[in-house]
Amino acid sequence: MGFSGISSSIILPTEGIIGIALKMYVVESKGGAIACMLLALFFLGTWPAVMTLLERRGRLPQHTYLDYSITNLLAAVIIAFTFGEIGKSTHEAPNFLTQLSQLSDNWPSVMFAMAGGVVLSLGNLSTQYAWAFVGLSVTEVITASITVVIGTTLNYFLDDKINNAKILFPGVGCFLIAVCLASAVHSSNAADNRAKLNCLSNDDKFQSVATDISTSREAFPEKERRAKFGTAGFLVELENRRAIKVFGKSTIIGLAITFFAGICFSLFSPAFNLASNDQWHTLKIGVPKLVVYTAFFWFSVSCFVLAIILNVTFLYHPVLDLPRSSLKAYINDWNGRGWAFFAGLLCGFGNGLQFMGGQAAGYAAADAVQALPLVSTFWGILLFGEYRKSSRRTYVFLASMLLMFVAAVAVLMASAGHRK
């Protein structure tokens with residue numbers, strides 16, 4: 001079976017009565033780890049599309065991210081109190097609540113887990129702004145590729161090389177090729193959009209809708225979109241409706257944010273790896289390592305705390321020319337809140353599944369979920385009309401990028417080993 005489930009072992013007490021000792025629910029097999037990674041791939045590729053949808057419909061990103069952060073933490077709590085509490089607690093693998101009470105002993109590992117949560121929170125927050133400037137597909141491609149090139153290499157050595165290097169590093173090479181193709185896609189598509197907008201006058205191109213903030217931020221306007229996907233009229237309508245205005249701004253801003261996010265993403269998985277496996281021997285002899293569920297809980301707590309601090313600050317001191325908001329305005333903003341909650345759950349469960357698979361098969365192989373741009377690009381084309389009415393050159397680059405990502409995820413999953 002893919003999952004070990006509630007594994008049982010037969011015990012013969014001295015009285016001769018047969019008892020059954022249950023151990024914690026963990027993923028132990030290579031097949032189960034791959035199943036976790038595939039499900040995580042879908043979840044982690046879908047939540048950015050939901051967040052982008054809300055921004056394009058005018059909801060302030062600060063409001064969206066605050067809602068997202070709540071359910072992202074909730075997912076970690078659900079995982080901890082379900083999978084982390086099933087079965088008998090042992091010294092080597094204590095249950096979640098048991099290990100939670102051992103903070104005075106395992107705090108070095110907790111610090112690694114929380115450091116991972118901090119860099120993930122910074123990365124996720126950064127990409128929320130990068131999506132507006134660079135686009136969903138290209139942002140995800142660049143950040144994923146940086147994550148694989150740096151993070152996967154670090155995880156390979158932290159995991160004592162349990163992954164097949166002859167398979168793993170060609171997969172990393174596929175991601176490097178994909179990021180080059182992604183850059184070509186972005187450049188070609190940007191040229192296509194400039195050609196479309198040049199057909200409009202400057203007055204039409206930079207027209208804005210002067211509305212009250214309460215109506216301009218409505219996530220689901222009743223008025224239907226009139227312009228067709230991919231037309232110059234659609235680009236102008238999108239600019240008028242969206243929360244983050246991008247016309248007249250350099251895409252270098254978006255690319256800088258994207259590369260910063262990629263570096264942050266490349267560090268969170270190695271930090272989590274150190275938290276759950278203690279490769280640097282920071283724990284005292286006899287202190288059990290953090291089980292994946294406990295590590296994920298502390299990881300998510302730090303992610304939540306930083307997200308709240310930064311986004312409350314951004315309410316009153318916004319960046320990128322966004323309008324000023326307040327806690328009262330955030331609490332009263334229910335437009336699209338359900339979708340933001342949904343995005344948080346997708347991301348939370350996606351991260352949890354990635355870590356569960358990585359603990360069994362190696363975190364280097366688990367980085368195969370960084371092929372999430374495959375999913376994000378699908379949603380970008382379906383929901384947002386990305387690359388509609390683009391040139392043949394753009395389509396060739398796009399198809400090549402997606403094919404390279406398919407090869408990359410297949411090769412990284414094939415490199416999966418088995419942790420002893």
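For all residues, glycine too, the Cβ spot is worked out from N, Cα and C.
Here TrEMBL flags 32-54, 66-86, 106-123, 130-155, 167-186, 251-272, 292-317, 338-357, 363-384, 396-416 as transmembrane segment.
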Answer yes if the transmembrane segment (292-317) and the transmembrane segment (32-54) have at least three CB pairs under 8 Å among residue pairs 6 or more apart in sequence, and no otherwise.
no
Let me check one thing: do the transmembrane segment (106-123) and the transmembrane segment (251-272) come into contact, meaning three or more Cβ pairs under 8 Å with sequence separation of at least 6?
yes
With the transmembrane segment (338-357) as the reference, which stretch in 32-54, 66-86, 130-155, 251-272 has the largest tally of C-beta pairs below 8 Å?
32-54
Do any residues of this chain, six or more beyond the ends of the transmembrane segment (251-272), have a C-beta under 8 angstroms from a C-beta of it, and if so which?
112-113, 115-117, 119-120, 122-124, 126-127, 129-130, 132-134, 138-139, 142-151, 154-155, 158, 186, 190, 295-296, 299, 320, 354-355, 358, 363, 366-367
Given pairs 6 or more apart, does the transmembrane segment (396-416) have at least three Cβ pairs under 8 Å with the transmembrane segment (66-86)?
no
